[in-house]
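Per TrEMBL, the feature domain 'PurM-like N-terminal' maps to A:26-136. If you look up TrEMBL, you'll see A:Asp28, A:Asp73, A:Asp209 marked as Mg(2+) 3 binding site. The Mg(2+) 4 binding site annotation in TrEMBL covers A:Asp28, A:Thr43, A:Asp73. Annotation comment: TrEMBL describes A:Thr44, A:Asp45, A:Asp120 as Mg(2+) 1 binding site. Per TrEMBL, Mg(2+) 2 binding site is recorded for A:Asp45, A:Asp73. For A:His52, A:Asp260, A:Tyr316, the entry in TrEMBL reads substrate binding site. Here TrEMBL flags A:Gly119, A:Asp120, A:Arg144, A:Ser211 as ATP binding site. Taken from TrEMBL, the feature domain 'PurM-like C-terminal' applies to A:148-298. The feature Mg(2+) 5 binding site is assigned by TrEMBL to A:Asp212.
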There are 2 protein chains.
Amino acid sequence: MKEFDLIEAFFKEKGHQRRDVQIGIGDDAAVLSVPAGQSLVVTTDTLIDGVHFPHNTPGRAVASKAVAVNLSDLAAMGAEPAWLSLSLSIPQVDENWLNGFSLGLQELTDYYSVQLIGGDTVRGPLSITVTAQGFVPQNQALTRSGAKPGDWIYVTGTLGDAGLGLDMMQGRMDVAARHKNYLSNRLNCPTPRVLAGTMLRRIATSCIDISDGLIQDLRHILKASDVSAIIQVDKLPFSQAMQDAVVNEQAIRYALTSGDDYELLFTVPEEQKSNLQHALSTTSEPVTCIGQITGGQDKLELRRGKEKVSYEMLGYQHFGD
Amino acid sequence: MKEFDLIEAFFKEKGHQRRDVQIGIGDDAAVLSVPAGQSLVVTTDTLIDGVHFPHNTPGRAVASKAVAVNLSDLAAMGAEPAWLSLSLSIPQVDENWLNGFSLGLQELTDYYSVQLIGGDTVRGPLSITVTAQGFVPQNQALTRSGAKPGDWIYVTGTLGDAGLGLDMMQGRMDVAARHKNYLSNRLNCPTPRVLAGTMLRRIATSCIDISDGLIQDLRHILKASDVSAIIQVDKLPFSQAMQDAVVNEQAIRYALTSGDDYELLFTVPEEQKSNLQHALSTTSEPVTCIGQITGGQDKLELRRGKEKVSYEMLGYQHFGD
């Protein structure tokens with residue numbers, strides 16, 4: 001039995017309304033039209049208070065992050081986002097927090113032209129589950145499994161900012177005042193690379209979004225594609241905030257291992273490099289080549305210039321498999 | 001950052017596998033084919049430990065209920081179920097519980113020919129969010145808003161069993177030993193009326209599933225359809241367990257106000273009554289006519305034979321609007 005139903009009160013008919021939504025919030029389920037020739041792409045992510053965002057994060061930022069991490073998964077498949085379902089568990093009805101959450105949701109649904117089509121509200125510890133759906137033309141979805149030896153490895157944006165932002169907010173790092181807002185936004189309101197994702201269809205051979213850190217997410221591609229990789233740590237892209245806050249070795253550590261950046265990591269064959277430059281020239285989304293796929297199974301080598309860099313040199317005792 | 005990822009370990013490639021799933025568990029998102037001429041139907045429901053199921057409910061029953069309540073929403077739209085996404089929040093990795101949960105999920109996905117296409121596992125208080133998707137032929141979705149004065153009101157199955165089952169399990173009601181298993185299943189493992197829902201397309205003018213009790217859910221239809229209704233309390237269908245456990249007045253109270261039965265409540269115009277009988281004769285799903293839609297706005301009258309029954313006579317002091 002539902003304890004309360006706030007979806008209609010706070011979220012119905014707010015934000016972007018799409019013509020492919022036949023029935024939205026307010027019946028037992030939503031009824032939707034999927035365009036002919038398109039595949040449906042579906043992802044679900046849950047954020048828990050104190051685990052996936054710091055306790056006492058404002059509602060607006062929580063909504064923003066909950067939507068962004070899901071749109072980022074769609075972007076990593078090359079999909080264009082369309083619809084969101086929301087399950088919101090809250091300990092009590094805090095209208096102020098809910099209004100902030102509703103506003104954050106509305107801003108993102110407006111910006112990305114997606115519509116909230118339904119959901120559930122329950123009383124419980126604060127957590128948010130979003131299911132996001134989108135479309136990709138048939139047989140054009142980007143996956144983790146298509147990388148080939150010789151392909152170049154790219155990332156969008158800059159790396160490590162969310163990790164630095166978390167350390168800043170939790171008092172472990174001191175950062176110049178002029179960078180604080182930027183870093184806190186990189187942590188709380190990541191930018192899903194939706195446009196870049198759709199542009200990479202038929203250009204990238206594999207793609208993933210960086211949620212757990214470059215090394216961990218690259219390993220998913222290596223495993224799925226049955227290949228190895230070389231990463232040039234001297235090519236990793238850093239923000240001005242990162243460069244001002246820490247020495248290069250530490251910036252590399254953030255980039256390689258801290259999560260929550262939600263940049264895209266993808267591979268491009270030599271013959272598609274010019275198409276990539278052309279496609280991205282029409283957008284403002286920067287990309288950087290950071291290495292190359294090699295043969296062999298699931299080995300990851302780090303280099304600075306031509307010199308091999310050991311994980312231990314970067315300060316790690318152990319590193320996974 | 002994800003604390004752990006159990007979806008692949010416990011759920012990948014178990015249970016029914018569908019040909020319309022191009023990419024299932026294991027990439028950033030699932031990629032799916034929606035058949036031509038069909039609309040997509042989507043619903044999300046969250047179950048919280050101790051709120052939507054009793055604390056210490058076995059994993060198998062929790063999985064069963066989490067899937068069933070979502071399939072019930074699809075059934076209420078006349079949709080045929082296809083895919084499930086799962087977000088599972090668990091306080092710790094209890095392999096025994098997870099194996100039970102995985103088994104329950106597999107049993108239901110096998111039975112209803114649906115496939116788990118992805119999800120997320122996070123560490124947190126026990127809660128389960130399922131997003132279920134299915135298809136309905138274009139313009140044939142059942143909604144809450146089509147009931148017309150003169151339409152007959154029907155329900156599937158029997159009413160009030162889940163409420164009686166909850167009172168039994170929490171020690172408030174004593175029930176004969178021979179009924180205990182039945183009632184506990186009615187509470188923990190409800191049967192979504194999937195086949196009845198699809199049969200009701202083009203026959204029912206409105207439909208909803210009974211999750212919050214007959215009165216509350218009927219009021220959703222009355223409000224959405226802008227009509228009133230008469231319910232014959234002497235026509236309400238009761239199980240043998242209910243008839244043996246309580247006097248008729250109390251059975252009526254369970255039927256009208258206790259939730260979690262997940263039967264379908266629907267309206268059928270006079271001229272469709274024979275089609276209804278014909279359609280249902282091919283299934284084993286019993287239905288009972290319990291009243292009629294009338295004109296006027298959102299008034300609900302209870303009758304025993306031709307005599308009006310007041311809510312107070314049934315033991316209520318107040319009853320909403």
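Cβ from N, Cα, C; glycine included.
Curation plays no part in TrEMBL annotations; they are all automatic predictions.
Where TrEMBL records a feature, it is marked here on the structure.
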residue	record	CB count, 10 Å
A:Thr43	Mg(2+) 4 binding site	28
A:Thr44	Mg(2+) 1 binding site	28
A:His52	substrate binding site	23
A:Asp73	Mg(2+) 3 binding site	28
A:Gly119	ATP binding site	27
A:Asp120	Mg(2+) 1 binding site	25
A:Arg144	ATP binding site	25
A:Asp209	Mg(2+) 3 binding site	27
A:Asp212	Mg(2+) 5 binding site	19
A:Asp260	substrate binding site	23
Are any of A:His52, A:Asp73, A:Asp260 (the binding-site residues) within 10 Å of A:Asp212 (Mg(2+) 5 binding site) when you go C-alpha to C-alpha, and if so which?
A:Asp260
Distance [Cα-Cα, Å, rounded] between A:Arg144 (ATP binding site) and A:Asp120 (Mg(2+) 1 binding site):
32
For the domain 'PurM-like N-terminal' (A:26-136), the number of residues DSSP places in helix, strand and coil:
36 helix, 47 strand, 28 coil
Would you identify the secondary structure of A:Ser211 (ATP binding site) according to DSSP, in three states?
coil
So of A:Asp28, A:Asp45, which of the binding-site residues has the fewest other Cβ atoms within 10 Å around its own Cβ?
A:Asp45
Do you know the mean pLDDT across the domain 'PurM-like N-terminal' (A:26-136)?
94
Could you tally the C-beta atoms, other than its own, that fall within 10 angstroms of the C-beta of A:Ser211 (ATP binding site)?
22
I'm trying to understand the geometry here, so how far is the Cα atom of A:His52 (substrate binding site) from the Cα atom of A:Asp73 (Mg(2+) 3 binding site), in Å to the nearest whole number?
16
Which one is it, among the binding-site residues A:Asp120, A:Asp209, A:Asp260, that lies nearest to A:Thr43 (Mg(2+) 4 binding site) by Cα separation?
A:Asp209
Distance check against A:Asp260 (substrate binding site) for the binding-site residues A:Thr44, A:Asp45, A:Asp73, A:Asp120, A:Ser211, keeping those with Cα within 10 Å:
A:Ser211
Of the binding-site residues listed here (A:Asp28, A:Asp45, A:Asp73, A:Asp209), which is spatially closest to A:Gly119 (ATP binding site) when Cα positions are compared?
A:Asp28
From A:Asp28, A:Asp73, A:Asp209, A:Ser211: binding-site residues whose CA lies within 10 A of A:Asp45 (Mg(2+) 1 binding site):
A:Asp73
Given the binding-site residues A:Asp28, A:Asp73, A:Asp209, A:Ser211, find the one whose Cα is closest in space to the Cα of A:Thr44 (Mg(2+) 1 binding site).
A:Asp73
Can you tell me how far the Cα of A:Asp120 (Mg(2+) 1 binding site) sits from the Cα of A:Asp28 (Mg(2+) 3 binding site), in Å?
11
